[in-house]
Amino acid sequence: MRRLFSHGNKNRLATILTNSIFLVIGVLIIVMVLQNYQVNREVVSQEIGRTKQQTKSLVQEIFNLRIKSLEIQQDSYSRNRVLLEGLLSDDAPALGRFFNGIDQVSPDLAPDFRFIYSNGGIVWDDANYQFYGISEPQILHLTEDMVSGTDWYISQTPSSMGMRYLMMRRTAIIDLYTGEVVGFLFIGVVLNNNFSLVNAITKGGNADEILLAVGSQVIAASTKDQDFQHIEWLEQSSHSLNASRYMVSKTDLTINNVPTFLSVYTIQGNEHVVQFVRSHYVWIAIASLLVMCIAIYTRIWVGKRVSKELQSLMKYADTSIQRQTVSDFAGSSIEEFHQIGNSFQRSFKRLNEQEKQFADLFNFSLSPVTLWNVEGQLVRFNPSAERCFKTDKARRLLIESLQPHIRMCAQGATLTGINTTIANKTFRWNLSPITTDSSVMRIMAQGQDITSFIEAEKQSEAAREEAEESARVRSDFLAKMSHELRTPLNGILGVSQLLKSKMDDPRDVEHMEVLCNSGEHLLAVLNDILDFSKIEHGKFHIEKSAFRLAELTNTVEKIFTPLCDSKGVDFSVESNIDAESWVFSDQIRLNQIMFNLVSNAVKFTHQGHVQVRVNALDQGGTTWLKVEVFDTGIGIEKSKLKDIFEPFVQAESTTTREYGGSGLGLAIVRSLVSIMDGEIEIESEVAKGTHFTVHVPIQLGMNPTFLPENTGLLAEPATLFDEQVHVLLVEDNHTNAFIAKAFCEKYGMKVTWVKDGLHAIDFLKKDSQVALILMDNQLPNLGGIEATKIIRNELGLTIPIYACTADGMQETRHSFLRAGANYVIVKPIKEIALNKAFLHFKKNYHQMAEMK
Ligand code: ADP
């Protein structure tokens, strides 16, 4: 496209204007000439046609007149007495005199020949037909053809002077007395060279020349000029309506409206019409020439006038573009140019202002702005960039670090967030291409000094890492401490339980119970800390199993009813769930949730009641367990409600002192609820009470179809095994080992205790009587999992291995099972857990061994 407007192809405006004028005028002239020509032709043709028609009528009229005069004369003389007498007396000289007399009076009306026919022969004639070379027999012959009527008879007859064309007419001569026809007066007109007829038509018909023709033969003419005698020319010209030199018209003569074979060609000089047409064309040519001259003059004048004004307009535009300042437009005498000039002036001023604003933006920007060309060369710096990169080295480094990105930008990409570190300062650059006509002309790189941000970011990152590390250390410490505390505590509790079962004195039993309860409480706090630490580390898992909901509600009722009774607080547990229905969920966690909520309610209520409602409801295709705990206790302030789920937070600073607790209970409850995909809500009013609502999705059914295994009833230790079972106990901790051993012995088992994996393997290599291995996890020298692997893989023994692990984590459990363990017991070992494990052992391994 652009090539079309190269310099060579450009036209001046004046040329375009005048060319247009020329074109319009040219077209106008052509149209005018054509139209004139057409009109002229039509007018001339119509005029010629009309004239020809008039000439035809005139010729016919003259011919008719001439014939009529002949007829009248003939008819009147045929009744003349002198003629009759002359005829009756057969006086030829008298007849001759009679006709001579007439012809002398009016020679113009005399026919070419006359004769009188009577009694079968010519009785008188004027001897004229002989003059025309026609013999008497020929005349008689013609006369015989005319037997009746008074019509003109046109015929041809050969004569001594060639073929003669004749017009003849007869009239009866009647005896006035007898009324008898005594003869016939014949008159005849010879058409060949009939000058009198030709002259009469020439005169009357306003024609220059007349030609009388029969078919294609000219028989009489007013001119001797042979040029006119060509019948084809005459024929052609008679049909033409064009303005030619001669106007020829043809009249086919009729007599009493009966067509004849005679035609009359009239020739009229047409010089004046031709002249008129010619002068008309000359005038058109002169007028066209005149218009052309005016157009040329106009072209030159417009060209000069428009060019001058345009030149000054263009000069103004050029100088305004080249100079930085914008001068005022001087104005133009052409209105449009004047307006264009003023628009230019306004646009230049606005552009100038915009340019200044942009320059200000560039110059006064506090961030460094640089301009690059597409080859990656630095073209311009703003003052801020100059300040930032003062030294040559800094500039070189800037170019080196930004150049690859500038080249990418030159392809049209916009790049953001490019960091460069130069002279200990970090800049973040945004690169954008500046495009003109969809091609990249320049690239602008705008920078921001982010050194301080980076520093702050680093510091905050370090602080975060530090905080995380300290949280981890704290959490680890808590976990380890709890673990370490739990082991001796388990010892205390285990021994207390053993002692209690052996005591008889009720007071001793009571003391021992206080010991047990305190130990249980301490264990609960430690368990809370451990649980929370696990939750924080994301190592907490839900284990679902089928259980009766009644187990849950009964336990709560059994535990808290005596406590409330002692405080004088009413306690009730309600449920809309059938006591026989089964729930599939994590019983332990649900227990934990309910225990925490109810124990808080009981703890913070001094009068009134604590109410527990456990309901099932269907919502959105899911069965929800809705647990509500109402109390009429001390309540919580509204402002504290949002914080009490946070760990180690208590509503009042005095709470610990007055009520004890660690502030972890609700944090654990909220985490458990959320792990179980449920929700917890709280409503509370100070001094009125608190209402907790928990929603947890569960599966509910009347049969334990989803029950993984039959839990069965607890077995009586003394009677569970029929024979003594040899157990290998692998445990490094003395207390734990003592308790485990004591429990095992209740079942009549023989217990061999070894302190680590290596000893266990050594023992197993020698002894093959072991029926069950109880394997601890964390052991010195060789760990429980590794020892299990060796027993299974290297020793190839299939003795059931029941692992005992303190952390209760899924990972450890799975590792044990993968290594070849058959069952995992979670420590601290409780009697009930051990009972369950032994029941499992009996069913799956001991009985089978017996069967073998
Ligand atoms: P704590 O071990 O202190 O009971 P929790 O996390 O279980 O820790 O509870 C956090 C705090 O929330 C409590 O210290 C107590 O201030 C408040 N709180 C919890 N339950 C109740 C309740 N039923 N009535 C009044 N205050 C309660």
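Here the Cβ of each residue, glycine as well, is placed from N, Cα and C on the backbone.
Keep in mind that what you see is a predicted model, and the values were worked out from it rather than measured.
Per TrEMBL, the features are:
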DOMAIN    480-700  domain 'Histidine kinase'
DOMAIN    726-842  domain 'Response regulatory'
MOD_RES   Asp776  4-aspartylphosphate
TRANSMEM  12-34  transmembrane segment
TRANSMEM  172-191  transmembrane segment
TRANSMEM  281-302  transmembrane segment
For this session: Mind looking up the mean pLDDT for the domain 'Histidine kinase' (480-700) in the predicted model?
Result: 85
Exercise. Can you count helix, strand and coil residues in the domain 'Response regulatory' (726-842) using DSSP?
Worked result: 55 helix, 24 strand, 38 coil
Exercise. Near the transmembrane segment (12-34), which same-chain residues lie under 8 Å Cβ to Cβ, leaving out any that are not at least 6 residues past its ends?
Worked result: 284, 288, 291-292, 295, 298-300, 302-307, 310
Problem set entry | Surrounding residues of the transmembrane segment (281-302) on its own chain - C-beta under 8 Å, 6+ positions past either end | 14, 17-19, 21-22, 25, 28-29, 32-33, 36
